[in-house]
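Q: So Swiss-Prot lists the following for this protein:
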REGION    1-120  region 'Disordered'
COMPBIAS  82-92  compositional bias 'Polar residues'
REPEAT    432-471  repeat 'WD 1'
REGION    533-556  region 'Disordered'
REPEAT    612-652  repeat 'WD 3'
REPEAT    696-736  repeat 'WD 5'
REPEAT    752-782  repeat 'WD 6'
């Protein structure tokens, strides 16, 4: 270490150790650093009491204490350090004499006579903890009493390199002007202790201002984390505040000046008229030419340069796949879209509340009066960035497009011309009914057609001529909702329903004597049974009320051919006969337990097969060859075995409201018409779900019917005023499904009060069908 000339003039020996120690203790900078004396207990970890001798020798016991006091190695280290403090200290002072003492020995005689106080040094010389020269400067009395720095600075040397203090025992000065001593370093042992027990806030760095380990607080660590994440350091700070419209934010109502407009703004300008006349006069005189012909240049003067003249076409790389193009924008992306593309408040709120992944569109259509009023697109940068990501991150695959005819993918259906005969034209119109015609039925012989309507009449017409041959009024208040011929040919019986009454009619004026007598015998056979009388209970309780009351309607009706009257508990809407003609079922949708009733003609007996029916009954149908009974509610169709009296199957058409059903003559297929405009085909052997769903009508379907004469035809009637004729081929092979082909749409009925075709029925042998409309007419289609 080099010593300047002023330091060579020191005339004394090394300064007393006691004074140096007192100054260090007075500064209070070594609190917690120095070790305890040997007389104190080893378990005491308090750093407040320090030993002066340890200060002189520069050794520290606390630096070598370990948290595990019971270990043998830690105990040996402590003993060795104490031996160094006691015995080794004197030897170290003898062997390692400070350099300033050797330099100053020869100068004692020269400086003894000098008594000038100005030449006395302002420091004392001693040794530090490592045996090196240590200069202890006197305290500096600060002149000022305040500090103008923002942060509290431990070291106040300023912005200078700390290498200037490498030759000094201190590293700077604190706020009071006192020296900040260089802390002692226990290099190996401190590193071991730090690796064992890492203090809170430890960074492993050294503070260049103080020389001590640099520890960071939780707040400082949080600031560093935010900086590394490119986040705002201060909580609650908004780097992008909303712009406050100071000048245009407030809309003024009153004008700045309310002075009336001057007259000169409403009359032509005379000065402008003079200027225009000068220009017109110059044009007329030829001095001004409105159109100046371009000068003709020779071909040699026109020189054109082809920049790509020497350019050679470069073929694309074999693995090059061009980027897919973006789809063109639609009407909703226009700055002035049509009104139907603009969302309302509810749609806008739903769009804002939905997640970005769930939104159908990435933007909300907005309307602007002019293109200059369109602001900047907010998500333009984001869209370009995502497009760039898609271009270089998404893999591209070259797919060979297959040129396939779409019609080849459709099932091969037969040509409708090959499926004839089926009805195509209207052959006859039956007029004479007042109000709506609600029901229609063709007799088993195919000669007569029966109909009923809102006027309460049952009318019978000739099928070929359309002439009305018989009628009878059943009710003055109720409409005739259902008519159905008995399906056998030996007797001609017509069942009609009006309100809560069901009438069995024999139109004897239209029948031969033999058919008339057989028809009367069928109806009179049940009078011998006392089925209409209430039954008496065995225990003497009150007799049970019969669900149906069979009686004669009266002489007036009997003269017209109405022979039997059945009274039930609720209005009847549907009548369907069993194939043998001895039973028929009625459906009353308003009834609960009496909604479905089965009537026996030969016994004049009415039975209620269901004590409790799930849902509201809509219609019922007998199986054409088995003892199975189908009951349709609004949403389901249940099939019951009447012989075993058990439920066979539940069909789930998936419709909201079933209107009508019909069973195929083979018995394995059912068609269902619904009020939600669908026609459903059910295969009973396939599934309880529909095999086919046909949507060809714009309004509700009222009735569906299969042809019962062996032709593969079925039809439906809708409120849109049309009938759909279909070809339905069913084979006995279970491996082949039914073939359904739409054939013809028949239009002719007018729609009245949103009601079109109410009912239809097929001819028993021919491909003819009869339809009943809300316009008060019947139509024959062949």
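Placement of Cβ uses the backbone N, Cα and C atoms for every residue, glycine included.
Describe the structural context of these features.
A: Long-range neighbours of the repeat 'WD 1' (432-471) within the same chain, counting only residues 6 or more positions beyond its ends whose Cβ lies under 8 Å from a Cβ of the stretch, are 477-489, 492, 494, 496, 498, 503, 505, 507, 509-510, 561, 752, 755, 758-766, 768, 770-774, 776-778, 780.
Counting residues 6+ beyond its ends, the repeat 'WD 3' (612-652) has Cβ neighbours under 8 Å at 574, 576-579, 583, 585, 587-589, 591-593, 595-596, 598, 658-667, 670, 672, 682, 684, 688-689 in the same chain.
Mean pLDDT for the repeat 'WD 5' (696-736) in the predicted structure: 91.
Nonlocal intrachain contacts for the repeat 'WD 6' (752-782), taken as residues 6+ away from its ends with a CB within less than 8 angstroms of a stretch CB, comprise 421-431, 433-442, 444-446, 449, 451, 453, 461, 463, 466, 699, 702-703, 705-709, 711, 713, 715-723, 725, 746.
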Q: Please count the residues of the repeat 'WD 3' (612-652) that DSSP assigns to helix (H, G, I), strand (E, B) and coil.
A: 0 helix, 20 strand, 21 coil
